[in-house]
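Enquirer: Take a look at this one; I'll ask things after.
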Amino acid sequence: MLWHFVLSGQVLGTYVTFYMHNKCPFPIWPATASNTGHPVIADGGFYLPSSETKPVTAPWSWTGRIWARTGCNFGSKLKPACETGDCDGRLECNGLIGTPPATLVEITVQADKTKPNFYDVSLVDGYNLPVMVTTKQASPKCTIKGCVKNMINSCPQELQVLNKTGQVVACKSACLAFNLDSFCCRNEFGTPEKCKPSLYSKTFKEACPAYYSYAFDMPPPSMTCSSREFVITFCPSGWGDDYQHSSM
């Protein structure tokens with residue numbers, strides 16, 4: 001069962017735990033990248049079969065990102081080793097940031113346990129899988145829900161990322177695809193007043209309303225909840241059958 005983990009007093013007292021749960025009908029390779037000055041957690045990446053859960057601990061005050069890699073084959077020593085989210089062909093990213101596009105979970109854990117933690121899901125660089133984030137003691141006000149549409153199916157052709165067999169495996173953001181200031185919210189477009197939603201970001205927002213669709217998404221779709229345990233579910237309920245990723 002998902003919650004059948006025994007946590008030591010040390011973990012409860014010193015760490016926050018992220019339960020990585022794979023509800024996709026194929027294996028994934030979750031990865032982590034810590035912000036500068038913060039330790040690498042879970043060696044930066046690991047294998048997670050379908051229907052399984054792995055607890056990952058991080059120290060209080062940790063901040064970084066979590067994502068899932070798909071279609072990986074680490075035995076061939078090819079680079080990239082994964083169809084999406086690859087980190088220089090390594091199983092253990094060990095601090096490296098994954099190659100976009102990939103759906104990013106961004107988390108900041110407060111050192112002061114009386115203060116809330118901050119977390120969001122971002123499609124600013126693009127999308128590869130739906131993900132849900134919630135506290136272990138699930139509460140609607142602390143839950144970032146998954147998507148309402150399969151973004152792989154609705155991705156505009158000019159944003160599509162294809163694998164070797166021609167399947168769409170990810171969807172780039174307009175910023176990643178075109179590298180224009182107006183899409184990337186930079187330089188003269190570097191303020192909320194100047195950088196507005198585009199037709200592309202609106203497509204992301206329609207599919208995944210609880211995620212950041214572009215840099216200045218308003219109101220900010222982020223959560224602030226105090227908890228020592230979080231659940232990160234890839235391909236949450238209602239998803240899976242639509243996905244046809246290769247699992248090399």
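Just so it is clear, glycine is given a Cβ too, placed from its N, Cα and C backbone atoms.
Pulled the feature table from TrEMBL, pasting it below:
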- CYS24-CYS235: disulfide bond (DISULFID)
- CYS72-CYS82: disulfide bond (DISULFID)
- CYS87-CYS93: disulfide bond (DISULFID)
- CYS142-CYS225: disulfide bond (DISULFID)
- CYS147-CYS208: disulfide bond (DISULFID)
- CYS155-CYS171: disulfide bond (DISULFID)
- CYS175-CYS184: disulfide bond (DISULFID)
- CYS185-CYS195: disulfide bond (DISULFID)
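In the displayed structure, how are the listed features positioned relative to their neighbours?
Expert: The number of other Cβ atoms within 10 Å of the Cβ belonging to CYS82 (disulfide bond), over all protein chains shown, comes to 29.
For CYS142 (disulfide bond), other Cβ atoms within 10 Å of its Cβ number 20.
The local packing around CYS147 (disulfide bond), expressed as other Cβ atoms within 10 Å of its Cβ over all shown chains, amounts to 26.
Within its own chain, CYS184 (disulfide bond) has CYS175, ALA215 as residues 6 or more apart in sequence whose C-beta sits under 8 angstroms from its own.
There are 20 other Cβ atoms within 10 Å of the Cβ belonging to CYS195 (disulfide bond).
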Enquirer: Counting only residues 6+ apart in the same chain, whose Cβ is under 8 Å from the Cβ of CYS185 (disulfide bond)?
Expert: CYS175, LYS194, CYS195, TYR214, ALA215, PHE216
Enquirer: Cβ neighbours within 10 Å, counted over all protein chains: which one of the disulfide-bonded residues CYS24, CYS225 has the most?
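Expert: Counting every other Cβ within 10 Å of each candidate, the maximum falls on CYS24.
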Enquirer: Can you check which residue among the disulfide-bonded residues CYS72, CYS155, CYS171 has the largest number of Cβ atoms within 10 Å of its own?
Expert: CYS171
